[in-house]
Each structure stands twice: as structure tokens, then as C-alpha cells.
Amino acid sequence: MLLLWSGICRRAPPRIFPSFLVAVALVGLLPVLRSHGLQPSPTASTIRGSEPPRERSIGDVTTAPPELAPESRPVNHSVTEHSMKTRKAFPVLGIDYTHVRTPFEISLWILLACLMKIGFHVIPTISSIVPESCLLIVVGLLVGGLIKGVGETPPFLQSDVFFLFLLPPIILDAGYFLPLRQFTENLGTILIFAVVGTLWNAFFLGGLMYAVCLVGGEQINNIGLLDNLLFGSIISAVDPVAVLAVFEEIHINELLHILVFGESLLNDAVTVVLYHLFEEFANYDRVGIVDIVLGFLSFFVVSLGGVFVGVVYGVIAAFTSRFTAHIRVIEPLFVFLYSYMAYLSAELFHLSGIMALIASGVVMRPYVEANISHKSHTTIKYFLKMWSSVSETLIFIFLGVSTVAGSHHWNWTFVISTLLFCLIARVLGVLGLTWFINKFRIVKLTPKDQFIIAYGGLRGAIAFSLGYLLDKKHFPMCDLFLTAIITVIFFTVFVQGMTIRPLVDLLAVKKKQETKRSINEEIHTQFLDHLLTGIEDICGHYGHHHWKDKLNRFNKKYVKKCLIAGERSKEPQLIAFYHKMEMKQAIELVESGGMGKIPSAVSTVSMQNIHPKSLPAERILPALSKDKEEEIRKILRNNLQKTRQRLRSYNRHTLADLPVITIDPASPQSPESVDLVNEELKGKVLGLNRDPARVVEEDEEDDGGIVMRTKEPSSPGTDDVFTPGPNDSPSSQRIQRCLSDPGPHPEPGEGEPFIPKGQ
């Protein structure tokens, strides 16, 4: 045996040797296992503990029972018969659906949602008429009816699943990519609509519904004032999921989009406060003035507390991203985890989780994007879009399924009154608040804008989930509330969602224009901001431009140094914006496969971002060095339009007194400068796109034309651009100054254009 073993070891290849050892070890252990009575279990259920243990265990070591003689060993006939009955022909294969049921069904629902989105966008005729949210609700109704038709119980949209797993991705996507400038400029209007408008809708609707219940009949007479106020607080809030689903399809302009969507985001604090407040008041025997005052103060605690939690987590996320330069893979994970922790921490204390998510996304984004790589930025962007899109699809599908699965109580008076009063309260609230807001706005909200704001107040799954959370012990008519909520949701999503696109086209409401920001726009935007800030300082009025400038200075002086790693914290804003544009352009070129079409004017900044090179060990960027100044000049020279001096129109009689214009054949920019005159003189001046050395006369008339002559070399020390003659009149000198304006200075080494006085 030993000789055989040694021969095998010498002849066996090195790769087969470990496998051979394992096989020999298993064969050698087989008699030992049999001698100890350890037989493999016939089914997987015996492994999980369904068979009673037959051995004594000490820690992790299993001891065998004492050895018995074959004739004295007891025989367990029940075990033998059980093992004989469950013995399988092929012991590996089997069906265990209960083990994978939950993740398998979740995957099927997500797959169904994705297939529905693909089918919706493949058929353009449907997508141009019916919003995606309407189609998804219809699919949910069909799936729920099919499940119920085969005798199964359809799944119900649980409130915990909605608030903890489906809603946060949508809000994080909206908060992280929130257009901050439009949001801050219209923050006052948004807050008035979100706070005052939601309070108006809740109390107006609750009060009217209480009056309806008093005269509506025996079925709804027992619904009290607190119950109706709670119902009004649930149904009055505009839903951000429904607004996003509809407004992104019709491409409404930025002002209306940010007003309606911002209202839907910020009214969460009012909804949370009113919901929990009336829910607590329902348990009280008597509600006093102190309870009402504390409830009013709780609004500030809930809203500001949610914002504070979001800011804290946003700062922590930005600070953490400083140290991820060597571990780029986990950079997106920090954004998702810190944002989700902000939401959960706010919900832990009954604060506004939506406002916490928005605050964390807005605070962390500028600092995180300065620290992470462009690949991580792309991952964050597309993962958030994918995650929010799937969550939105699942919400609308389960809304339809839950409609079939839920228990309903229909009352015509209550349901129709709810729908009618919701529309009336929305219209009156928007008209009254807009009348007040327009007294302080520079850009007024027109009647068309007011109509779109009132018509875009859609309700959605948040109201449905809050209605489902109601306790039947304290609110016996919660089934009636849920039926009325579903009716309002279906009306706003189907009727208003399907008709808002043709109404926008009919009213000719301005739509969103997809334009890319340019260097020119960025410079003029910053210039106007500084100009308005200076005007406010001179007037002694501390408006939002003044405080915005103070915040930017504090951010640049202290915050960026702590939250942004390396030299990016000291980089001038113009260069940072230019590098961002270059990186975006380079990524688009790479994604479109147009690497061979990159123009020569594009700098290598974007290519360095795609293929990063190792930076020097110590690279200190001063405040604004000469190189940076030169780089800014090149950016401005290449991206801004050249200065053009527009002249008033002249006829041939007034041109008779003009001097003769000569050009320098050595100047490459003189023809370009004179071409600008050609545009204004309507063809009276010579076309200078030809060789400037050739002298051509276009106008042969005797009453004064413009003659182009070759310029003689100027003597040293004279002005090559403009030198007035002693006999020139002031008007002719002004015209010559205008014609001789060379515009921006060219690169060093290039000839400078000039148009001297006539010979």
C-alpha cells in the first residue's frame, strides 16, 4: 500500500494532487462515519432540524452513542418507514418554493414593472395620450383582478413598505438633483403654497365635510369633526410622486415645475404634523388651548428638525468623501447610505423624513461631486434614476392592485362631496395666495400660470398609505375614507393627468427648453449677481442677493476648505465651471463614440479626467496665479463672442464725406474687421473676404465711393490703429475710431488689425 501511494505521488500532476487527497480522505472517513452511525439525511428538511436529534452535542463536537451489539441494538421502525417514504429517486433535485418565495415574488414584480415601462415607451401613440402613471394603475387593476379571479389574495401596498423602501429613492433623486437656483429664488412662493395652502385645504375641506356629514344621512352622521379634519389633512397635500410622473412628461417650464413640485415636497411637514396631531387628539377626551398651541409649535419642530437632521448627515457625507481617493468603488455607497440614514433618523422621531432627504441631498452634492471621480458621479446619477423609476412604477402598480384587494365602503354623498370640495379648495387657495404673492414678486404669475398650478395639484400614494394606516378602533369609517381617497387619486391622475398636456398646448404655456449652459451665460449670471449685490449694499437694503453673497463668502473661506480635499477647494469658480463643462463634453463624446471628432479647441482637461494621470506629490495652487489668469483669458477668448461695433445705416449721399479706408495686407484680421462694416452698409463697401492685397473698386459712381488702397508701412512710433489728421472733422474722427476698433486682443505673436486714416 505504501509503495502504491509513493508511486501515485511521484506520477500525479501537481494540479490533481490536492483533489486526489480530498477524495482519499473522504473514502477513508466513510467507514468511520458508518461505524458511528452517521448517515446522510434523505431530505433537506431533516438537515434543518425536522428530525429529532439522536446524538449528544458538547459545544461544536458531536459524540457518538455507546456501541451496542447488533442483536441488542433497538430498531426504530417509524424512522425507517419515514425514510423509506421520503426517499427520492435522485437525491439532489427538489422543489422548495417556500425558501425563495419572498425574493422570487419581489423580483417578479420588479420585472413586471420594467416590462410595463418598456411597453409604454415602445408604443408612441399611447404615450402621447395617456400618462405613464395612468397606464401603470390600469396594469395594477388588471393584475389584481386576475389574482383575485383565480382565488388568491392580491398583495396589498403596506404602508411600512411604501414609506421605508419605495418613497425614499424618489425623494432622494429629486433632492439630490434639485435645481437649487430656481428653488431658492422662488422659496418664498413655494413656502406660502406649501404651508398656508395646505393648511387652507385641510381645514376648508375638513369643515365642509363635517357639514356634509351632519346632513348626509344616517351612514355618515357619526363622523365627528376631528375625523373629518384628519381626513382633510390626508387628502389635501399634493403628492410629489404623481407630480413628477406627470410634469416630467409634459415638459412644463422651470418656474411652474419648481412651484408645484417644490410645494409637493415641502408640504410633507404640514401633512405629518396635522396627521399625527389629529390622530392624537382623537384619543383625548378634551382638547384645550394648550394642546392647540403645542400642535402649532410642533410644526416648526417637525420641519426644522427634519432639515437639521438632513444637514448633519449631508455634512458628514461630504467630509467622508474627502478620504475616498484611494477607494473609489465605495464612493456612491456613502451617498446612498448617509441619505437613507437621514430619512430613517427623521422618521425615528416623527420628524419630516422627506425634508431630511432633500436637505441631505442639497447639502452634500456640491462637496461630494468635487471629491469623487466622474465614474462615481455617473454611477450615482444613473443608479438614482433607475432606483426612483422602478419605485415609482411599483407604487402605481400596487396602487391598482391594492384597489382590488382592499375593503371599500361606498357612499355617494361623501365621495362626490370630497371630490368636488377638493377641486374648489385648490382653486380658491391658488387664486387667493397668488393675489397676495404677486404684490411682492417681480415676475408676476399670470392667469395661465395660476391655472396650471391649480390644475396640477395631483394626489397619489402618500394619501393612500396614510389612509391605510388609520386604526379602525379609533376611526370606524376608515374604509369609507380609503374609498374616497382612492376616488380622488384616480380622478386627479386620470382626468387631470390626461388633460393637462392638451390644455398646456391650448393655452400656449411656455415649455421647458433643453439648453446647455455656456461660459457666456455663467459669466453674465455671476456678473448680474455681483451687480445686484452691490446695488443692495449701496441702497442699504439687505435682500436675498446680499445674504447669498455672504453665504458664498463663508462657504469659500471656511466650509470648502474643510469638506473638499486638495486644490479643488481653492480653484477659481470660472475654471471649475469650465472644467466641469469640459468633462461633461468629453464623457458625451466617449459615450457617443465620437472620439475621432473631438475639435482641436477642446482642451485636454476632459481627457485627463477620463484617463487620470498621477499628480505631482506637492501641488499648491495660489489664490490666482499668472497661469490661472492666462487660462481664464484663453477661456474667455475661445468661448465669448467677439466684440462687434454696430454702426447706424448710411446712404450713398452721406458716405460722400467719408475718408478713404486702407488696409494692411500683412494684417490677418483687418478683412474680418472691415467685414463688420459690410454687414451694416448693405453691400456698399467692398467684400473683403478676398485677398486683402488686391485693390478692388466696387462703386464706380462719381458721388463718393469707398476706395480700398494698400497701406504703406507705418513709421516707427506712430499709432497703427488710429491717427487723426489735422483736417479731419470730429464726425469723421468718430467714424474712424469705430471702424478701427480691433476688438479683443489676439494671441501674442499675431498681427494686430488696424484701419488708419485715409491717405
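From the backbone N, Cα and C atoms, a Cβ is placed for every residue, glycine too.
Unlike curated records, TrEMBL annotations are generated automatically.
Features as listed in TrEMBL:
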type	residues	note
COILED	626-653	coiled coil
COMPBIAS	726-735	compositional bias 'Polar residues'
DOMAIN	111-504	domain 'Cation/H+ exchanger transmembrane'
DOMAIN	601-657	domain 'Sodium/hydrogen exchanger regulatory region'
REGION	40-77	region 'Disordered'
REGION	692-759	region 'Disordered'
TRANSMEM	12-33	transmembrane segment
TRANSMEM	106-126	transmembrane segment
TRANSMEM	133-150	transmembrane segment
TRANSMEM	156-178	transmembrane segment
TRANSMEM	190-217	transmembrane segment
TRANSMEM	229-248	transmembrane segment
TRANSMEM	255-277	transmembrane segment
TRANSMEM	289-313	transmembrane segment
TRANSMEM	389-408	transmembrane segment
TRANSMEM	414-438	transmembrane segment
TRANSMEM	450-469	transmembrane segment
TRANSMEM	481-504	transmembrane segment
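Sequence-distant residue pairs (6 or more apart) of the transmembrane segment (414-438) and the transmembrane segment (156-178) include fewer than 3 whose Cβ atoms are under 8 Å, leaving the two stretches without contact.
Per-residue confidence over the coiled coil (626-653) averages 60 (mean pLDDT, predicted model). For the transmembrane segment (133-150), the neighbouring stretch richest in Cβ pairs under 8 Å, chosen from 156-178, 190-217, 229-248, is 229-248. Stretch with the largest number of CB pairs closer than 8 A to the transmembrane segment (156-178), among 106-126, 289-313, 389-408, 450-469, 481-504: 389-408. At the 8 Å Cβ threshold, with sequence separation of at least 6, the transmembrane segment (106-126) comes into contact with the transmembrane segment (389-408) through 3 or more pairs. Sequence-distant contacts of the transmembrane segment (255-277) (same chain, at least 6 residues past either end, Cβ-Cβ under 8 Å): 171, 174-175, 179, 182-183, 186-187, 189-191, 193-195, 197-199, 202, 229-230, 233-234, 236-240, 243-244, 247, 295, 298-299, 302-303, 306, 350-355, 358, 443, 449, 452-453, 456-457, 462, 466, 509, 512.
Contact check: the transmembrane segment (481-504) against the transmembrane segment (190-217) gives fewer than three Cβ pairs closer than 8 Å, residues 6 or more apart, which falls short of the contact criterion. Non-local neighbours of the transmembrane segment (229-248) in the same chain are 131-133, 167, 170-171, 174, 198, 201-207, 209-210, 257, 260-261, 263-265, 267-268, 270-271, 274-275, 278-279, 282, 354, 392, 395-396, 418, 422, 425, 456-463, 466-467, 470, 475, 481, 484-485, 488-489, 492-493, 497, 500; each lies 6+ residues outside the stretch with a CB under 8 Å from one of its CB atoms.
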